[in-house]
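Everything on this sheet refers to the single structure shown next.
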């Protein structure tokens, strides 16, 4: 028995909208549901409604159905020609590629020059090395054309032969059964792996692969200011091309070791500076380490813990050359764990006084400095 038109099943016209299809499906599914309907053929009608909705609610399936009818309703062409699909999921993509792809379109020459592959190499730098940059000589494993056979893969004194199975084209014709009849598809020749050539006597060095694995030394310039996770592109130092094609690029990925004192935030450097209570309360001038050398920093009296000071131009250079970052110094008060009796008495005196005069500050400063 031939299938009814899906639009007819749902009681719709071909121009029905998505909302109209949904409404029709809900109404008919409820009407013919086996648990509700008393009609004799309710199960068959319910299945028919489900099948129609499955196709018409999917834009791709609906387009195929509108063009090809029931033959194109499902991707696998299930049910066409008395049952079964063609090759377990042979769909429209396969058919159209057969018509317009491998056999009918422009075919690439299997022996044409092809570019090689990109390579990646990881390096680890110290914090200061990333700030100031450096030159590295790295040794990377690469596949280069075989020197013995000059990249041909054939034993010296011999040459490749034209594949007899594909007549040097690199492709063979394969017949396939489709819903539209028998078609001829073109695919890569299995005897020559799509190259169109056979190596009778292989090179003893590369065993016919035309390439050999070796380690190559490459000079890499690490720019100043590079940050963790960034990469450097070294043009033309990737894997060699095929059939005389150009080499691709080498990408050097940089990892930066953590520093015991400094942290990096973009072009800026952050550090924490421990100070005593007396230094914070009374003020002081301290030496602060930077990657460019020590600099003096004036701490105003009454500075609170967590206060941030900026040292302009003492950060990392921008890796693209756009100026220089700054260094930010965050001061933290260090509470002593061991106090002398004199220091304890002074702190109790300080805590008990409502007005803090200069004489008490002087005593505190001398006590904490051990004077």
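Just so you know, glycine gets a Cβ as well, placed from its N, Cα and C.
Record features, source Swiss-Prot:
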- 146, 149, 203, 206: Zn(2+) 1 binding site (BINDING)
- 163, 166, 189, 192: Zn(2+) 2 binding site (BINDING)
- 5-69: domain 'J' (DOMAIN)
- 146-153: repeat 'CXXCXGXG motif' (REPEAT)
- 163-170: repeat 'CXXCXGXG motif' (REPEAT)
- 189-196: repeat 'CXXCXGXG motif' (REPEAT)
- 203-210: repeat 'CXXCXGXG motif' (REPEAT)
- 133-215: zinc finger (ZN_FING)
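Recorded features from Swiss-Prot, shown on the structure.
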residue : record                : DSSP (3 states)
146     : Zn(2+) 1 binding site : coil
163     : Zn(2+) 2 binding site : coil
189     : Zn(2+) 2 binding site : coil
203     : Zn(2+) 1 binding site : coil
Exercise. From the binding-site residues 163, 166, 189, 192, pick the residue whose C-alpha lies nearest to the C-alpha of residue 146 (Zn(2+) 1 binding site).
Key: 192
Self-check item: Other residues, Cβ within 8 Å of 163, 166, 189, 192 Cβ centroid (Zn(2+) 2 site)
Solution: 164, 165, 167, 168, 169, 170, 171, 172, 190, 191, 193, 194, 195, 196, 197, 198
Quiz item: Can you list the residues of the same chain, besides 146, 149, 203, 206, whose Cβ falls within 8 Å of the Zn(2+) 1 site's Cβ centroid?
Solution: 147, 148, 150, 151, 152, 153, 154, 202, 204, 205, 207, 208, 209, 210, 211, 212
Quiz item: Within 10 angstroms of the C-beta of residue 149 (Zn(2+) 1 binding site), what count of other C-beta atoms is obtained when all protein chains are considered?
Solution: 23
Practice problem: List the Cα distance (Å, whole number) between residue 189 (Zn(2+) 2 binding site) and residue 206 (Zn(2+) 1 binding site). | Solution: 23
Quiz item: At the level of the C-alpha atoms, what whole-angstrom distance separates residue 203 (Zn(2+) 1 binding site) and residue 192 (Zn(2+) 2 binding site)?
Solution: 16
Self-check item: Pairwise CA distance, residue 163 (Zn(2+) 2 binding site) versus residue 149 (Zn(2+) 1 binding site), rounded so that it is a whole Å
Solution: 20
Quiz item: Per 10 Å Cβ neighbour count, which of the binding-site residues 146, 192, 206 ranks highest?
Solution: 192
